[in-house]
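Record features, source Swiss-Prot:
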{"type": "ACT_SITE", "residues": "Pro2", "note": "active site, schiff-base intermediate with DNA"}
{"type": "ACT_SITE", "residues": "Glu3", "note": "active site, proton donor"}
{"type": "ACT_SITE", "residues": "Lys58", "note": "active site, proton donor"}
{"type": "BINDING", "residues": "His92, Arg111, Arg152", "note": "DNA binding site"}
{"type": "ZN_FING", "residues": "237-271", "note": "zinc finger"}
{"type": "ACT_SITE", "residues": "Arg261", "note": "active site, proton donor"}
Amino acid sequence: MPELPEVETTLRGLAPHLVGQRIHGVILRRPDLRWPIAEQIEQLLPGATITDVRRRAKYLLIDTDAGGSAVLHLGMSGSLRVLPGDTPPRAHDHVDISLQNGRVLRFNDPRRFGCLLWQRDCETHELLASLGPEPLSPAFTGDYLHALARGRRAAVKTFLMDQAVVVGVGNIYAAESLHRAGISPLREAGKVSRERYRRLADAVKEILAYAIQRGGTTLRDFISPDGAPGYFEQELMVYGREGQACKHCGRELKHATIGQRATVWCAACQR
């Protein structure tokens, strides 16, 4: 599933092509995604002008002058591309939003786990209203994590992946951040010290910022809007490397399932 760096990469690739463009039309080839595509998308987008493209957590928000925004989630395997308007659709190209410059914003989603919704006020939408802070914002600190974790018995990796705690940190970047901070993913969240949470918050920020710089992580499905892969995969220290040697100490990396998610860590480097 695309995580925050992949969605941010998508945003940065799309925004220059979309902001200020008037929408000419919308084609829905298959509206029955995990969340059915909102009927307002067909009704209100044609004739509207795109005023901004933003990200909240793993959601892309396409603001318009039609009194609302399109709320888009890439799901497990979705992608967005800006293409010439006469580009033939491929399999799983479910939505086309045609623009005044003759190009088209195309949403492809093979597994149909994504969504394309309409919302007057994005911050009040049920999918967004209860989300935690952005990990790259000043609100996300080690002190914040330490205070919120008090008394929690869940594994710290599960805690870090809770979108009500902090948004956008999924399995890949939680594993990598915990490795950099030297914290075992198995440790109870409430038993991590303030100082170690400060290291963890710094690690999350550093790893996410670098992953964005590298264009995200291409594992199976993610490609950026220009079709390029993400290159952070080459930098992975633990994720997907079970049974291999730790790049820091040479010990064999361990593997377990935590919260129904595969987890890899170094028992020597992470305590």
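Just so it is clear, glycine is given a Cβ too, placed from its N, Cα and C backbone atoms.
Sequence features annotated in Swiss-Prot and their locations in the structure.
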residue	record	DSSP (3 states)
Pro2	active site, schiff-base intermediate with DNA	coil
Lys58	active site, proton donor	coil
His92	DNA binding site	coil
Arg111	DNA binding site	coil
Arg152	DNA binding site	coil
Arg261	active site, proton donor	strand
Chain residues in Cβ proximity to the zinc finger (237-271) (below 8 Å; excluding those fewer than six residues from its ends, i.e. six or more beyond): 154-155, 157-158, 161, 171-172, 175-176, 178-180, 182-187, 219
Most Cβ neighbours inside 10 Å, all chains, among the recorded positions Lys58, Arg111, Arg152: Lys58
Neighbouring recorded positions, C-alpha within 10 angstroms of Lys58 (active site, proton donor) - of Pro2, His92, Arg152: Pro2
Cα-Cα distance linking Glu3 (active site, proton donor) and Arg111 (DNA binding site), given in Å to the nearest integer: 16
Listed recorded positions (Pro2, Glu3, His92, Arg261), ranked by Cβ neighbours within 10 Å, top entry: Pro2
C-alpha spacing of His92 (DNA binding site) relative to Pro2 (active site, schiff-base intermediate with DNA), in angstrom: 17
Nearest of the recorded positions (His92, Arg152, Arg261) to Glu3 (active site, proton donor) - Cα to Cα: Arg261
DNA binding residues His92, Arg111, Arg152: largest Cα-Cα distance, in Å and rounded to whole number: 42
Segment confidence, the zinc finger (237-271), expressed as mean pLDDT: 96
Secondary structure content of the zinc finger (237-271), with strand meaning DSSP E or B: 0 helix, 12 strand, 23 coil
Distance from His92 (DNA binding site) back to Arg261 (active site, proton donor), taken between C-alpha atoms, in Å: 27
